[in-house]
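Down below is the structure, laid out as structure tokens.
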């Protein structure tokens, strides 16, 4: 159990874009804390687990879909194990199966922009779990390709809504001192899902109609997620936002927020729930949350700053070459003499385990070390790795061990930096009344950039060659390093209201 205490040694941080300073330096002229002193939340560890676990199952299902689909596409076009009469699929057909969920996720992100603040975080996650369930069942039971692609699309809409609402719900309900760990742990669940998908897929790939079992296996998790979110309370911050914007009776919503906070914190909160709710209300009023967000306001003032920070991070997360590096993983390992690398599925499982371990390290240290050090350190090593890979494919092709080291360093440091911290920052940085729409734009940028990188990789590889492509990714990673140093602030230890008041 954590206790409420002030932290007089916590430094205040400079605001975005302060000339002559990096975004993480201390500014002596900074405004004081919102309420004059910082309090840490009281909470029971046991009670903090479930408000994280059920939203994180949405991330688990997203990762599982990535892993399972890589094996399902092999199964569905096999003459012996497909179990269908329409197994003779073209490359376009396979592309539709593979990217159907990505298209759905893009649509889900657009939908989230319009419905997020109306539904609230909890109900949005319930809708996402229903879409996961329906999409998985339609895909698994599909009588033909068209129905299968529709199922993939519906599942993808669930991904878009879940990846939008889950980090918000976790950020708004988690105690501030472990918020970074819990949101980063959601990335751990995504990677865990990928490893589970690769593993189960490799076991079922030679089974008749194995692809149906691969997709059907996600239905129990979707049901658990839906029931869990139905049981969990609404976000107290979302309830208070509704209260100060006049979307209900102030007294009723305040009392509901107190009850929700008590459920979220457990016995550890004691009698301090009403006081904490009043502090939240005061801080929300202080930072001007009374007005409802309009579309034009998304690109003005505080939200524009938050959009630059969050949107920039998730953009660089996708365009610094991760899909391309993973594409070459099997050939790099095989050239170094690893015979198991001839099996792409085994390579995916091995790299997935490395990603899992490194994400676990990030989860453990993010609230101790901070966001900026992990980003700056991890991306710096990524830059070195990309230039080493570029050199390997250009003029050092007799040094496969160096390429293997660069590959492992890149994958590991990505999971220490962009992997978890990108999702963490976009869940923290947006002002509350703009958070739903702001985060939907960030998620849309993430999935959109993912789609562009995925579809442009093969043409760029054919046009430029492998070596120059990695050098280009290395230059982009250097630009991202400058962006992090000068633009991205440190949010460690700050409440969401303090982040808005002090950093935007």
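Count begins at 1; order follows the chain as displayed.
Cβ atoms are placed via backbone N, Cα and C, with glycine included.
Unlike curated records, TrEMBL annotations are generated automatically.
Keep in mind that this is a model prediction, so the values were computed, not measured.
For 1-11, the entry in TrEMBL reads compositional bias 'Polar residues'.
Here TrEMBL flags 1-23 as region 'Disordered'.
Taken from TrEMBL, the feature compositional bias 'Low complexity' applies to 12-23.
Marked as transmembrane segment by TrEMBL: 43-64 (among others).
Computed over the domain 'Major facilitator superfamily (MFS) profile' (51-492), the whole-number mean pLDDT of the model equals 88. If you look up TrEMBL, you'll see 51-492 marked as domain 'Major facilitator superfamily (MFS) profile'.
What TrEMBL records for 94-113 (among others) is transmembrane segment.
Residues or ranges marked as transmembrane segment by TrEMBL: 125-143 (among others). Outside the transmembrane segment (125-143), and at least 6 residues removed from its termini, the chain residues within Cβ reach (under 8 Å) are 54-55, 57-58, 61, 101, 104, 108, 119, 150-159, 161-162, 165-166, 169, 212-213, 215-216, 218-219, 221-223, 225-226, 229-230.
The transmembrane segment annotation in TrEMBL covers 149-171 (among others).
Annotation comment: TrEMBL describes 183-201 (among others) as transmembrane segment. For the transmembrane segment (183-201), same-chain residues at least 6 beyond its ends with a Cβ under 8 Å from one of its own Cβ atoms are 52, 55-57, 59-72, 75, 166-167, 170-171, 174, 210, 214, 217, 345, 348-349, 352-353, 355-356, 359-360, 362-363, 366, 415, 419-421, 423-424, 427-428.
TrEMBL lists 213-232 (among others) with the feature transmembrane segment.
Within the same chain, residues 16, 298-299, 341, 347, 351, 379, 382, 386, 389, 407, 410-411, 414, 418-419, 421-423, 425-426, 429-431, 434, 438-439, 441-443, 445-446, 449-450, 452-454, 457, 461, 466, 469-470, 473, 476-477, 479-480, 483-484, 487-489, 504 sit at least 6 positions outside the transmembrane segment (306-329) and bring their C-beta atoms closer than 8 Å to a C-beta of that stretch. Among the features that TrEMBL reports, transmembrane segment is placed at 306-329 (among others).
Sequence annotations record features per position, and here TrEMBL assigns transmembrane segment to 349-367 (among others).
Look at TrEMBL and you will find 374-395 (among others) tagged as transmembrane segment.
As annotated by TrEMBL, transmembrane segment applies to 401-426 (among others).
Under the heading transmembrane segment, TrEMBL lists 438-457 (among others).
Here TrEMBL flags 469-488 (among others) as transmembrane segment.
Beyond the transmembrane segment (149-171), the same-chain residues lying 6 or more positions past its ends with a Cβ under 8 Å from any Cβ of the stretch are 51-52, 55-56, 58-59, 61-62, 65, 96-97, 100-112, 116, 121-122, 124-125, 127-132, 134-140, 142, 179, 182-183, 186, 215, 222, 235, 423-424, 426-428, 435-436, 439-440, 443, 446-447, 496. If you look at the transmembrane segment (438-457), the same-chain residues 6 or more away from its ends with a CB under 8 A from one of its CBs are 99, 102-103, 105-106, 109-110, 112-113, 116, 160, 163-164, 167-168, 298, 303, 306-307, 310-311, 314-315, 317-319, 323-324, 327, 422, 426-427, 430-431.
Distant neighbours of the transmembrane segment (213-232): 50-51, 53-55, 57-58, 60-61, 64-65, 68, 71-72, 75, 122, 125-126, 128-130, 132-133, 136-137, 139-141, 151, 158, 197, 200-201, 204, 207, 263; these residues of the same chain sit at least 6 beyond its ends, with a Cβ under 8 Å from one of its Cβ atoms.
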